[in-house]
Amino acid sequence: GNHTQPKFILLGITDTPWAQAPLFGLFLLIYIITLAGNVGLMVLVWVAPSLHTPMYFFLAHFSLADVCYSTVISPRMLTDLLFGNKTISWAGCVAQFHLFALFVTAECHLLAAMAYDRHVAICHPLLYATVVSPRACWRLVAWSYLVASLSALVYTSCTFGGSFCGPRRVDHFFCDASPVLRLVCSDTRRSEAAIFALATANGLGTSVVILLSYGRILHTILGMRSAPSRARAFRTCASHLASVSLFYGSLFFMYLQPASRHGSRDKVASVFYTVVSPMLNPFIYSLRNKEVKAALGKCRRRMLNR
């Protein structure tokens, strides 16, 4: 079983030698931008009093999840591209998948919490301070990480609980459920069904909350008499919807399909939600956000005046 061959081999994104160096440079640049953008956004929310609101509290935790699951994936992928040493220990493979599953699941629930926050702010503005209180914010974040932790335990036990035999060649650039389960000798139908059911519960459950929230938001916005108020409300929600579409689109393609349909396109979809999405999120939330721009301008002027 698991002790006879204690290592896996990650086949990576491509086995074409001439493509390794350009891909390394591209993904290194993306990872640096991801760290700079998300860490910078977290620091800005922390130091700017104008951003000490529930919306940016959730956004800071969302950026933290982006940094964490991107760091679980990208450094290992970059090392493989640079040095060609694609072996990973069994414990390392388990840890990588477990942490990845934890932070991706947490991000789903954080997106739902952010949608709920926008729903209350736009549809029930007079109750906002009471409903979305600091205690309620901490409870929603704690719930997100608790559900994510329990879900990650189930995902990991189902993925690595079987007996492995033969060459452990994982046809992916990180240890993910589907390519790892292909290496299991025993029957994996129960494990695949459990993973699919839990992924559906987390993915569709949070997406339903998001859709219902934005359905109510859209109904409220269309009922506003003031055109500037409608435009301001649309701008507030547009960034969140863009992030949700990018994240859930690639995630649903990857995990809410039968195991028999997984193939080479999985790597492309995985690149979007593990590499591209964490890089784009800080720009999606800040480029058209006047509050973030104003807070950034104040911090810049404060630093220059010292």
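Numbers here mean position along the shown chain, with the first residue as 1.
The backbone N, Cα and C atoms fix where each Cβ goes, and this holds for glycine too.
Per TrEMBL, the feature transmembrane segment maps to 23-48 (among others).
Taken together, the residues of the domain 'G-protein coupled receptors family 1 profile' (37-285) have an average pLDDT of 87. For 37-285, the entry in TrEMBL reads domain 'G-protein coupled receptors family 1 profile'.
Cβ atoms under 8 Å from those of the transmembrane segment (55-74) belong to residues 27, 30-31, 34-35, 38-39, 41-42, 45-46, 96, 99-100, 103-104, 106-107, 110-111, 113-114, 117-118, 121, 137, 140-141, 144, 173-174, 274-275, 277-279, 281-282, 285, 291 of the same chain, restricted to positions at least 6 beyond its ends. For 55-74 (among others), the entry in TrEMBL reads transmembrane segment.
When Cβ-Cβ distances below 8 Å are used as the criterion, the transmembrane segment (94-116) is approached by residues 55, 58-59, 61-62, 65-66, 68-69, 72-73, 76, 88, 140-141, 143-145, 147-149, 151-153, 155-156, 159-160, 174-177, 180, 202-203, 205-207, 209-210, 213-214, 240, 243-244, 247-248, 251, 273-274 of the same chain, each at least six residues removed from its ends. Annotation comment: TrEMBL describes 94-116 (among others) as transmembrane segment.
Annotation comment: TrEMBL describes 136-155 (among others) as transmembrane segment. Among residues of the same chain six or more beyond the transmembrane segment (136-155), those with a C-beta under 8 A of the stretch's C-beta atoms are 54, 57-58, 61, 97-99, 101-103, 105-106, 109-110, 113, 116, 177, 194-195, 198-199, 202.
The transmembrane segment annotation in TrEMBL covers 193-212 (among others).
Annotation source TrEMBL lists transmembrane segment at 233-256 (among others).
The list of residues near the transmembrane segment (268-287) in space but at least 6 beyond its ends in sequence, with Cβ under 8 angstroms from a Cβ of it, reads 13, 27, 30-31, 33-34, 37-38, 40-41, 59, 62-63, 66-67, 69-70, 73-74, 100, 104, 172-174, 176, 239-240, 242-243, 246-247, 249-251, 253-254, 293, 296. Annotation source TrEMBL lists transmembrane segment at 268-287 (among others).
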